[in-house]
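This report concerns only the one structure given below.
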Ligand SMILES: O=P(O)(O)O[C@H]1O[C@H](CO)[C@@H](O[C@H]2O[C@H](CO)[C@@H](O)[C@H](O)[C@H]2O)[C@H](O)[C@H]1O
């Protein structure tokens, strides 16, 4: 303890939220608020006051607001985050002698005791505060002190000094010189809204052509912008767009050898034509790409690029920087892996190279290059196979210069590893949603994501499928499963995405039974899609994306409230906005084969509605309306008609 601490009597502990003892910032987006809680108490029975101090990191001046007492030495206060950037916050606490005096005065007055000495003590405290107050308020305080020193009407004086106005002035100007400050200053990082609310559509640009056998181009992609916008997505994510290696190129269905003319996997980055800063020649030029990015932005669509830090054998880095790879005694490099998957067509980068600083700068220059071309969102491939320190540095440096950049972590791995990546700066994260199927699994997972510390730093992005994952639920459940998995992804999590064309068309043939890989996967061949074909799944996609845009309750993940049902095949959950004007209730039949019926208990208490309320539930997918008068209501969902209800309570 330092000497200056000797007279401080307030103890401040258990300040939340904080991550790893303040090592990492809390995450929020513009428009959200942050609620800080703390335990603050002193010895004995003197009254304690607590305030929350906060300021933008760029500012010298603290704003200070009183924290509310919740009971049991626990305090709370919130502040709104109206602009992007980093803010710091901490908690201050002190013994409030005036408040202690006020409480004693009240008791003595109630007991009819002599108050003369009490008045003199109070007057002294008020005069001391007056010295710290600005002119006008100083005069008011002196006036109060004067009345205490020469009381004419005891009862009136007591009322005056216990008034809210005197309390307010004394809280402002009372003696805080022995105020204790929490030992840490914590940070909240406020990002743009898209960090929390985004709808992703993934397509392979080489399949964007409308002509059989023709390699798609960025011009073809431009022609698809209206299609993606019509479906209601706001992020269009492209797998790598760079030249593809020829050495060890993969063939159809992940074959380790390719036939002449096969295009190879886009993640095998780098060839004679260039590496991570080059564009696959058949897709077009850099100018074509920039034009596509700009046209998309004009239509409300942001382009997300894949950041896969690995190289084909033909990548220029292999010749220019052989020391960035780990050579074995036989002169080869062990190919990349994400066990049990083997990536025979790419070399991993050796982050333990002696030249690691130049490597880091070069890799950052890739991100800078694409930012310069208008890309503000990156889906990062397998970040868990590269060092955490590297990502922490890269994301910090990039976001210092460009705070609007969003990084999505594509790490399907162990929970602690996924969490760490989120803590060190990834804006959004892929999740285990893809494999959470039963009501129990979904409730448990959502509770973990939204009601634990994870809520402070891990923003989930729910994907029902990816080019790598055709989950068994979709393989087996067909169209009803495609619809229910889509609607759940889009309403459980405010960030969601899907691997588009195959989803629209309900394609679900696995490469081999028991495996999650797609048969004839687009990862190894060019496809021709009938972009204009209308399907029921596409229709639901359009509707659910519109519902998301029009209902603010669905634009956050943190407000979920599960509702009871008497049938475990029916999953029900509610969402509501802060203003309590937008109330949503989702009910999903988790059984893709059979009609499921049962009773759902509408969480009226959560919606702030009385138990006897009558209300209309309006299904925003089908347009149906029902008048409900009770808490428990009958639901019937037929999987082949429509396996979901997305109700707005009206
Ligand atoms: O490892 P993940 O399952 O997270 O998948 C991601 O990374 C893979 C490696 O980049 C990538 O795999 C694809 O590209 C590889 C390199 O060309 C190739 O060997 C694989 O067969 C192919 O699936 C995967 O697509 C990506 O999502």
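Note: Cβ is positioned from N, Cα and C throughout, glycine not excepted.
Nobody curates TrEMBL annotations by hand; they come from automatic prediction.
A strand conformation is recorded for residue 381 (active site, nucleophile) in the three-state DSSP classification. Around the Cβ of residue 381 (active site, nucleophile), a 10 Å sphere holds 20 further Cβ atoms from the protein chains shown. For 381, the entry in TrEMBL reads active site, nucleophile.
Here TrEMBL flags 410 as active site, proton donor. In the three-state DSSP classification, residue 410 (active site, proton donor) falls within a strand. Of all the Cβ atoms in the protein chains shown, 23 others lie within 10 Å of the Cβ of residue 410 (active site, proton donor).
Marked as alpha-maltose 1-phosphate binding site by TrEMBL: 250, 310, 345, 382, 523, 524. In the three-state DSSP classification, residue 523 (alpha-maltose 1-phosphate binding site) falls within coil.
On the 0 to 100 pLDDT scale, the domain 'Glycosyl hydrolase family 13 catalytic' (198-548) averages 97 in this prediction. The domain 'Glycosyl hydrolase family 13 catalytic' annotation in TrEMBL covers 198-548.
Counted within 10 Å of its Cβ, the other Cβ atoms near residue 468 (site 'Transition state stabilizer') come to 16, all protein chains included. Residue 468 (site 'Transition state stabilizer') falls within neither a helix nor a strand when secondary structure is assigned with DSSP, and so counts as coil. The site 'Transition state stabilizer' feature in TrEMBL is assigned to 468.
Among the recorded positions 381, 382, 524, the ones whose Cβ sits under 6 Å from an atom of ligand 1 are, in sequence order, 381, 382. Residue 410 (active site, proton donor) is 16 Å away from residue 523 (alpha-maltose 1-phosphate binding site) when you measure Cα to Cα. Rounded to a whole value, the Cα-Cα separation of residue 382 (alpha-maltose 1-phosphate binding site) and residue 468 (site 'Transition state stabilizer') is 12 Å.
Residue 310 (alpha-maltose 1-phosphate binding site) falls within a strand when secondary structure is assigned with DSSP. Here residue 250 (alpha-maltose 1-phosphate binding site) is compared against the recorded positions 381, 410, 468, and the shortest C-alpha distance is to 468. Around the Cβ of residue 345 (alpha-maltose 1-phosphate binding site), 26 further Cβ atoms fall within 10 Å across all displayed protein chains. Around residue 310 (alpha-maltose 1-phosphate binding site), the C-beta neighbours below 8 angstroms that are at least 6 residues distant in the chain are 267, 269, 336, 343, 346, 347, 348, 349, 381, 382.
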